[in-house]
Amino acid sequence: MEGGENENGGKKRGCGCSKQDFLPEESFQSCRSYLNALCNTKSRLRDRLLARSADHMELHEIRGRSQHEMKKRLNWWDIIWFGIGAVMGSGIFVLTGEAARNHSGPAVVVSYLISGMTALLSVLCYTEFCVELPVAGGSFTYLRVELGDFVAYIAAGNILFEYVVAGASVARSWTSYLATLFNHDPNSFRFHASSFPEDYSHLDPIAAVVSLLICIAACMSTKGSSRFNSIATIVHLLVLLFILIVGLTKANPQHFSNFAPNGIRGILKASSILFFAYVGFDGVATLGEEVKNPGRDIPIGLIGSMLIIILLYCLLSATLILIQPYYQIDVNAPFTLAFQAIGLKWAKYIAALGALKGMTTVLLANILGQARYFTHIGRTHMAPPFLATINEKTRTPVNATVVMTLLNSIVGFFTSLDVLANLLSLTTLLIFSLVALALLVRRYYVGGETTSSNRNKLILFLMLIIGSSIATAVYWAIGKNGWIGYAVTVPIWFIATLGLNLMVKEAKKPKLWGVPLVPWLPSASFATNVFIMASVDGASYVRFGIWTLLLLVYYVFIALHASYDAAKETTDTTSAATATCLEDGGASQLHH
């Protein structure tokens, strides 16, 4: 791992890790300094809790802490393929069965369209931020600039955990689908350790090896990873095209006769499940630092890839219904058994190959996103700063990539898919909601410029938007079939958004590309993401609470003091540079 420089300014070789790589800040140089920092925890919390970073800080000073810059080698073509590769994994092959059979019926096509439009709203919010702040931190950076250090830290800590769980889950699924290709039971390629608890007894060396191979590719070159991703994604799309063509030759339009057996509630419930088939684009936003022309390439890449994915998902789900009546669709392997039911047993191997290719690109995009999140968090010193190092030769975040891969591999090696599946989902929706909220803050509030009257109105309208969105979601979650609750909450959301539009002056216009119809689209994005959160199981909320509690402990004892010292050092450096400029300017005037 790259260790940065030693005390004498020389570059360290090999691993070269020392305490200074993990805790170089003033607060951790001795027991006395650490105890002094702990004694000042309250004042430091006041200082950092709502402290907001600035665009120029993230783009220059913070990014400069990595010592070397990442290469700007990606264009819109790369981003489109990364977007498709990051999102289109095994979700379409797994989630469609449950959504169609248990909830929406043939209207699963409409459910895919609704969840796709919801995802597109989040993509629009991410795109504006990514164009304005093309740095590796992704949503962590966006939230840090608009909602403050603390919110960004909690959000980033949770999403990194979810990235690890997702990476481990996809790696184990890779092994399962490989076994399917060879007509074996999913666990046949794993080793059973009877002395371990049941959920951790099927050891998966293939998952670990695949993760390590993906890590090597990600470390060597982002452009090389992009080429591999493009080829693998094209193969995946060809497989999906094959499924479409073969399926349509056996189509029976009568299967659409009972279109929505469970009504609008069934369609919306299915939409909340299918939304997770669209997750993954947020990791692509972390590649903004490596894009040649962010103002052009990022909007084309992110929005273009999502539109392609929505179209393909709708076509594939329609094909599944045309092949087999919705009430006969298998929940666990819908496409495989649908082909088998119409006498095309061999087609299941093609479907498994497609899923395998899709999961490979998802793994690649996952580790690229993980590493870049962690890199930027390391730059802020909320994580050990050695993670922020960019390799001088490859210009990739090797340290962060290796660390995150090791975590993925360890979790994937031991933990069963059932355990991993129960840990996923909530955090992604929370991040999407916060990014939409942050975009509203960005457009309507600028410190030192926005009047106190406009600031107070903004706070009021945002609280109404948040409250009405949560109330709508809760009303849905408790299973009320009446319309009275919605007749109260939805108009409040509408009036609050309208009030924000008419009564608060927009404080900042995007320089290169902006979300249209602000505040309507970001407000709708927030409301729909909160609505989908109501469908997440209770175990996910418990997991979120426990993990957030652990993050708070780390924040109070480590991250708060490290980031406080780093911010103070940056402020002192900036002030010294400004003073030097003023002195030079004054001396120049005296000389003249």
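Just so you know, glycine gets a Cβ as well, placed from its N, Cα and C.
Owing to the predicted nature of the structure, the values given are computational and were not obtained by experimental measurement.
Record features (TrEMBL):
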- 513-563: domain 'Cationic amino acid transporter C-terminal' (DOMAIN)
- 74-95: transmembrane segment (TRANSMEM)
- 107-129: transmembrane segment (TRANSMEM)
- 150-171: transmembrane segment (TRANSMEM)
- 205-221: transmembrane segment (TRANSMEM)
- 267-288: transmembrane segment (TRANSMEM)
- 300-326: transmembrane segment (TRANSMEM)
- 346-369: transmembrane segment (TRANSMEM)
- 398-417: transmembrane segment (TRANSMEM)
- 423-446: transmembrane segment (TRANSMEM)
- 484-504: transmembrane segment (TRANSMEM)
- 516-535: transmembrane segment (TRANSMEM)
- 541-560: transmembrane segment (TRANSMEM)
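The stretch from 267-288, 300-326, 398-417, 423-446, 541-560 with the most CB pairs below 8 A to the transmembrane segment (484-504) is 423-446. For the transmembrane segment (267-288), the neighbouring stretch richest in Cβ pairs under 8 Å, chosen from 74-95, 107-129, 398-417, 423-446, 516-535, is 107-129.
The stretches the transmembrane segment (205-221) and the transmembrane segment (150-171) are in mutual contact, each linked to the other by at least three Cβ pairs under 8 Å (pairs 6 or more apart in sequence). Summarised as a single figure, the pLDDT of the domain 'Cationic amino acid transporter C-terminal' (513-563) averages 90. Residues 121-122, 125-126, 128-129, 139, 142-143, 145-147, 151, 155, 158-159, 161-162, 165-166, 169, 275-276, 279, 282, 454-455, 458, 462, 465-466, 500, 504-508, 515, 518-519, 522-523, 525-526, 529-530, 532-533, 536, 540-541, 543-544 of the same chain sit 6 or more residues outside the transmembrane segment (423-446) yet have a Cβ under 8 Å from a Cβ within it. For the transmembrane segment (74-95), same-chain residues at least 6 beyond its ends with a Cβ under 8 Å from one of its own Cβ atoms are 170, 173, 177, 222-223, 226, 229-230, 232-234, 236-237, 240, 273-274, 276-281, 283-284, 287, 290-293, 296-298, 300-302, 304-306, 308-309, 312-313, 316-317, 332-336, 351, 354-355, 358-359, 361-362, 364-366, 368-369. Counting Cβ pairs under 8 Å to the transmembrane segment (300-326), the top-ranked stretch among 107-129, 150-171, 398-417, 516-535, 541-560 is 107-129. Only pairs six or more apart in sequence are counted, and the transmembrane segment (541-560) with the transmembrane segment (150-171) gives three or more Cβ pairs under 8 Å, enough to call it a contact. Under 8 Å from some Cβ of the transmembrane segment (150-171) lie the Cβ atoms of residues 48-50, 89-90, 137, 139-141, 143-144, 204, 207-208, 210-211, 282-283, 359, 362-363, 366-367, 369-370, 373-374, 377, 382, 404, 407-409, 411-412, 415, 417, 420-421, 423-424, 427-428, 430-431, 434, 544, 547-548, 551-552, 554-555, 559, 563, all in the same chain and six or more residues away from its ends.
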